[in-house]
Amino acid sequence: MRRVAAVMRAVDEAEHGPLDRAEVERALDAAETLPPSSTPAFTAACGAGAAALSLVFGATDVRVIALIAVAAALGGLLRRLLARLTADALLQTFVAALIAGAAGTVAGAIGLDAAVGLVAVCPAMVLVPGPQILIGAMDLLAARMSLALARLGYALLVLAVIAAGLMVGLWPGGQPLPLTSPPADVPFLVDVLAAGVAAACYPVFFSMPYRLLGWPIAVGMAAHALHWWAITSWHASLPVAALLACLLAGTVLTPLAYVKHMPFAAVGFAAVVAMVPGMYVFRVVAGVVDLAGRPDQQVLLDVVSNGATAGLTVIGMAVGLAVPSRVRDWVLARGDRV
């Protein structure tokens, strides 16, 4: 995203005044040489981000949180090491998901049976291709069908690879991925602060300029506060709460991204990452695998319920982020006509 931000600045300068072609080419060449986040920063962000998400999902045991952080950090480190050997992103994702599943097996072996699913899923959540899911859904809303199908198709492939890695990692311990879990009662401050930590970690994954970290953190905490309030006080469903939170995030970040030349996809997703229903998607895949081996009415109901929750939540998030962008485009187009 550092490269994207640099290219955006070069394009804006070219639009706002005469610019020599050589200057544009120099700016593009400079953007190409910008480095990604360092391996230590990436590894630490994986561990911290997964630990923060575990708090959002209701983890309270220090051993569980520590195991999640170690598994996610190890997965992040292996991804960077594999990236030096091969450009196959799916292989890197599978290995990290395998580590996450193995962590779930370890949790069962040391007596943390109730937290097996949480230990396995939280490190895998940092692998979820959220930008492709959300932007693909936004492309659907804008009738950009070819882009939408490409992004959503790739996202589904990555999610399937993650789910496969989780199930293979859980297999030695005989622990299936739970298809349901009781709702977590997370205190307000813990929820909001953990969402802020998660929002701080994802810009590192995207190699965003560190000077832009403050905006997704602040907006992410505010959006998650609204999300928590909508669920606990208004008894809203997850999709409705996600819609309201993303409307807030989109309303704040859309004009900021335009004025400060920030990549909206990166800052927007970082702000709302804790609401992405990756856990429900993993449950859908695990449930479908269960159905193939032993058809069961309850498993089928769980698959349908998880799938509906995941799909409606993604739609709600996409609408919440897209509406402010549509309003901005309408205002700019109207200003150009005037």
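Glycine residues also receive a Cβ, built from the backbone N, Cα and C atoms like all the rest.
The domain 'Threonine/serine exporter-like N-terminal' annotation in TrEMBL covers 1-170.
Taken from TrEMBL, the feature domain 'Threonine/Serine exporter ThrE' applies to 192-325.
TrEMBL lists 89-112 (among others) with the feature transmembrane segment.
Within its own chain, the transmembrane segment (118-142) is flanked in space by residues 46, 49-51, 53-54, 57-59, 64, 67-68, 71-72, 75-76, 93, 96-97, 99-101, 103-104, 106-107, 112, 148-152, 154-155, 158-159, 162, 165-166, 169-170, 177, 181, 201, 205-206, 265-266, 268-269, 273, 276, 278-279, 281-282, 314-315, 317-319, 321-322, 325, which lie at least six positions past its ends and keep a Cβ under 8 Å from the stretch. What TrEMBL lists as transmembrane segment is 118-142 (among others).
Within the chain, the transmembrane segment (154-174) has long-range Cβ neighbours (under 8 A, six or more residues past its boundaries) at 89-90, 93-106, 108-109, 116, 120-121, 124, 127-129, 132-133, 136, 278, 281-282, 285-286, 289. What TrEMBL records for 154-174 (among others) is transmembrane segment.
Among the features that TrEMBL reports, transmembrane segment is placed at 186-205 (among others).
Sequence-distant contacts of the transmembrane segment (212-230) (same chain, six or more residues past either end, CB-CB distance under 8 Å): 5, 56, 186, 188, 191-193, 195-196, 198-200, 202-203, 236, 240-242, 244-246, 248-249, 252-253, 256, 260, 262, 266-268, 270-275. Look at TrEMBL and you will find 212-230 (among others) tagged as transmembrane segment.
The annotation transmembrane segment is assigned in TrEMBL to 236-257 (among others).
Annotation comment: TrEMBL describes 264-283 (among others) as transmembrane segment.
The transmembrane segment annotation in TrEMBL covers 303-324 (among others).
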State the residues, same chain only, that lie 6 or more residues beyond the ends of the transmembrane segment (303-324) and have a CB under 8 A from a CB inside it; answer 'none' if no residue qualifies.
133-134, 137-138, 140-142, 179, 237-240, 242-251, 253-255, 268, 272, 275-277, 280-281, 283-284, 287-288, 291
Tertiary contacts of the transmembrane segment (236-257) (same chain, 6+ residues out, Cβ under 8 Å):
215-216, 219-220, 222-224, 226-227, 230, 263-264, 267-268, 271-272, 275, 277, 309, 312-313, 315-325, 327-328
